[in-house]
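What TrEMBL records for 1-124 is domain 'PH'. The feature domain 'EF-hand' is assigned by TrEMBL to 134-169, 170-205. Sequence annotations record features per position, and here TrEMBL assigns active site to HIS302, HIS347. According to TrEMBL, the feature Ca(2+) 3 binding site maps to ASN303, GLU332, ASP334, GLU381. Taken from TrEMBL, the feature substrate binding site covers LYS430, LYS432, SER494, ARG521. Marked as domain 'PI-PLC Y-box' by TrEMBL: 465-581. The feature Ca(2+) 5 binding site is assigned by TrEMBL to ASP678, TYR679.
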Amino acid sequence: LLYVNGQSLEGDTDLKFLLGGGELLKLRSSSWMKARFYKLQEDCRTMWHESKTCTKSKQTFSIEDISAVRAGRQSEGLRKYTDELLEGRCFSIIFKGRRKDLDLIASSDEEAKQWVTSLEKIMSNLNNLNCQQKTQHWIFNCLRKADKNCDSQLSLEELKDFLHQINIELDDLYAEDLFRQCDKSKSGYLSEEEIKTFYNLLTRRQEIDEIYAEYAKTTGFMSAENLLDFLIKEQKEEATLADANRLIDQYERDDKEKQLMTKDGFLMYLQMFEGLVLNPTHKAVHQDMNQPLNHYFISSSHNTYLMEDQLTGPSSTKAYIRALVKGCRCVELDCWDGSDEEPVIYHGHTLTSKILFRDAIKTIKDYAFKTSDYPVILSLENHCSVEQQKVMAKHMSSILGSALITTPLEDQMPTEFPSPEALKGRFLVKCKRLNKLEVYFTREAAGVLVFDLQKCKKLKIAKELSDMVIYCKSVPFNGFQDAKDNLAFYEMASVKEGKAIQLAEESANCYIRHNVDKLSRIYPAGLRTDSSNFNPVPLWNAGCQIVALNVQTPCPNMDLNQGRFLVNGKTGYILKPAYMRDQMSEFDPITLTRGPWLQHKTLHIMIISAQQLPKVNQKKTSVVDALVKVEIHGVPADTAEKETVHIVDNGFNPMWNENFQFDVHVPALALVRFVVEDYNYAFDNELIGQFTLPFTSLQLGKLVASLCHLPVYRWVSS
């Protein structure tokens with residue numbers, strides 16, 4: 001199982017290093033730095049560390065839970081609590097989710113490099129395993145745990161324990177019958193060969209067997225012609241014989257030379273790139289990126305600096321990293337006066353911790369374009385004194401340099417926003433401004449300075465900061481007519497969710513027309529102190545571009561946000577439909593009058609099966625009662641939800657074979673969300689996993705093993 005780019009890791013020096021382990025200094029604060037021994041366990045996917053205070057379960061973490069390994073003093077803690085001379089000895093392990101990151105110090109620069117290189121190699125290995133390999137790896141580890149006396153044999157009781165681990169609850173008589181079938185030696189134990197037989201029985205995919213048998217008409221195997229027949233009839237692809245041969249070459253191991261695809265090769269194909277629910281052509285940038293900026297939905301974050309809640313939670317530069325790596329293109333900075341004339345960021349008048357404005361800008365610069373090359377909007381909530389605003393301007397200028405937009409791109413007064421393409425790699429500041437943008441193109445330069453100084457005293461805004469606001473000038477919202485009569489295209493309002501939703505429900509068409517030449521930002525209500533999120537869909541339906549959510553909080557509404565921006569290369573920019581970019585548009589998502597937006601589709605989905613669903617409840621006796629929900633989120637007429645029955649006591653290989661049908665009237669605005677849950681008759685069901693994507697990005701007519709460990713679906717659309 002240990003391969004990187006097709007090469008075995010057996011005997012690899014990096015793997016040996018991790019298996020041997022070593023002592024590192026773990027840093028938490030200036031007064032907390034302790035030696036800890038870290039090593040990779042024999043399963044090659046779990047790190048163990050020595051701890052005198054943690055419970056046994058907390059002494060390990062999975063390699064698959066690591067988001068990144070960063071060399072040097074890149075974290076807040078390492079920069080704050082270590083000397084620059086230790087730069088080469090420091091590294092950080094960054095985790096997915098809310099687990100606290102590890103700041104570590106090695107004994108030498110060489111040892112730190114070895115840790116970083118070795119961990120990255122193992123991470124790459126696990127990420128590159130296909131679904132079949134992951135299944136084998138997982139089952140192998142469960143078998144190791146079940147073999148209590150480590151004799152490479154399984155007793156009946158150990159077999160039952162193993163079945164619990166992999167999420168199957170079998171009747172005792174059936175388990176005993178299965179055991180007897182495999183115990184060919186009649187020894188009362190399953191040997192290694194007998195365990196292999198048991199594994200083959202366990203992992204047999206009846207539903208795939210049936211589909212394979214239907215098309216495997218060449219001595220029991222699929223020829224290239226048979227596979228082509230499957231691709232055209234089942235997958236609805238415009239495939240050729242060359243395409244079929246390519247798939248056999250790519251996924252077949254046993255009969256590649258004979259140009260035949262075995263059942264294993266067929267299953268491998270279904271679980272890989274070509275079989276995913278997401279249209280692969282939509283993973284890359286495929287939309288026109290030369291439209292004005294306000295013609296796009298823009299992935300946006302609210303109170304980006306917060307890791308948790310809005311009252312007592314920690315603020316961290318790590319929160320900016322997470323948001324930017326997820327593709328957010330608009331991040332928020334709540335700026336307040338700090339000590340030593342250094343502005344700070346925190347949620348004002350609360351107990352949330354503070355970070356330096358300077359550190360936030362450095363972090364944003366370092367991570368802004370890791371996921372997307374397209375522009376980042378810095379949304380400043382400015383509560384600073386004029387003097388510290390000057391410091392803010394100085395930091396942005398010195399750190400962001402020429403990437404910061406400080407003058408219009410055009411030689412004459414623009415009448416619309418530049419495009420994301422024209423702004424690639426650039427930063428835009430959203431804040432209040434002392435005067436109109438037109439001053440850059442007036443001849444009365446001397447008078448402009450006097451005007452600025454007078455307004456500066458009234459509005460308490462530093463000219464240095466004001467001059468950095470070019471395309472995103474913050475103004476209050478006083479109604480659609482006022483905006484039409486008095487606001488320039490670059491003047492934009494931020495509206496609280498309650499007011500915005502009301503406008504979207506009562507005046508949707510007016511809102512859509514407003515957003516044809518203006519930018520709108522929507523933010524969560526102040527009562528959401530737990531950092532919960534509102535539903536962004538009604539605001540997108542009204543054409544609002546910057547719908548800012550608390551990205552630190554996983555929830556169904558955040559799933560919808562991630563699904564909306566999953567495509568177009570994860571640029572964070574999604575082009576709005578043409579009818580939402582037309583000033584004369586009659587589109588109203590509430591009334592749905594006739595127009596080009598009505599493109600009725602009927603979506604047929606068959607939920608077939610799932611494999612290896614993880615336990616949510618980690619109690620030994622707990623087994624998943626699996627069910628699947630399919631949700632459509634879009635205009636009110638399209639919003640719908642349907643679910644399968646729950647399969648009792650089987651999270652390993654439940655089968656449903658249930659058919660659903662949905663009518664979708666405005667596909668360009670619709671999202672499809674697949675949800676797998678563990679049924680609970682007494683309380684709310686527990687989420688196992690979900691996947692959300694735009695309706696228009698579905699691979700229609702596909703038989704899909706969608707995402708490893710999530711259900712198999714079949715759907716067609718007409």
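Positions of Cβ are set from backbone N, Cα and C atoms, glycine also.
As the structure is a computational prediction, the values presented were derived from the model and not from experiment.
On the structure: features taken from TrEMBL.
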{"residue": "HIS302", "record": "active site", "Cβ contacts under 8 Å, 6 or more apart": "GLU332, TYR523, PRO524, ALA548, LEU549, ASN550, VAL551"}
{"residue": "ASN303", "record": "Ca(2+) 3 binding site", "Cβ contacts under 8 Å, 6 or more apart": "GLN310, GLU332, ASP334, HIS347, SER531, ASN550"}
{"residue": "GLU381", "record": "Ca(2+) 3 binding site", "Cβ contacts under 8 Å, 6 or more apart": "GLU332, LEU333, ASP334, CYS335"}
{"residue": "LYS430", "record": "substrate binding site", "Cβ contacts under 8 Å, 6 or more apart": "CYS330, ILE377, LEU378, SER379, LEU380, VAL469, CYS472, LYS473, SER474, MET492, ARG521"}
{"residue": "LYS432", "record": "substrate binding site", "Cβ contacts under 8 Å, 6 or more apart": "ASN382, LEU459, ILE461, SER466, VAL469, LYS473, SER474, VAL475"}
{"residue": "ASP678", "record": "Ca(2+) 5 binding site", "Cβ contacts under 8 Å, 6 or more apart": "LYS615, VAL616, ASN617, VAL624, ASP625, ALA626, GLY651, ASN685, GLU686, ILE688"}
{"residue": "TYR679", "record": "Ca(2+) 5 binding site", "Cβ contacts under 8 Å, 6 or more apart": "ASP625, ALA626, LEU627, HIS646, ASN685"}
Could you tell me how many residues in the domain 'PH' (1-124) are helical, how many are strand and how many are coil under DSSP?
43 helix, 44 strand, 37 coil
Report the residues of the chain - excluding ASN303, GLU332, ASP334, GLU381 - with C-beta within 8 Å of the mean position of the site's C-beta atoms, for the recorded Ca(2+) 3 site, in sequence order.
HIS302, THR304, TYR305, LEU333, ILE345, HIS347, SER379
From the centroid of the CB atoms of LYS430, LYS432, SER494, ARG521, the recorded substrate site, which same-chain residues not already listed sit within 8 A by their CB, in sequence order?
SER379, LEU380, CYS431, CYS472, SER474, VAL475, MET492, ALA493
Judged by the number of other CB atoms within 10 angstroms, which among GLU332, ASP334 is the least packed of the binding-site residues?
ASP334
Looking only at HIS347, ARG521, which of these recorded positions has the biggest number of Cβ atoms within 10 Å around its Cβ?
ARG521
Tell me the Cβ contacts of SER494 (substrate binding site) under 8 Å, same chain only and six or more apart in sequence, or just say none.
SER379, SER474, PHE477, ARG521, ILE522, TYR523
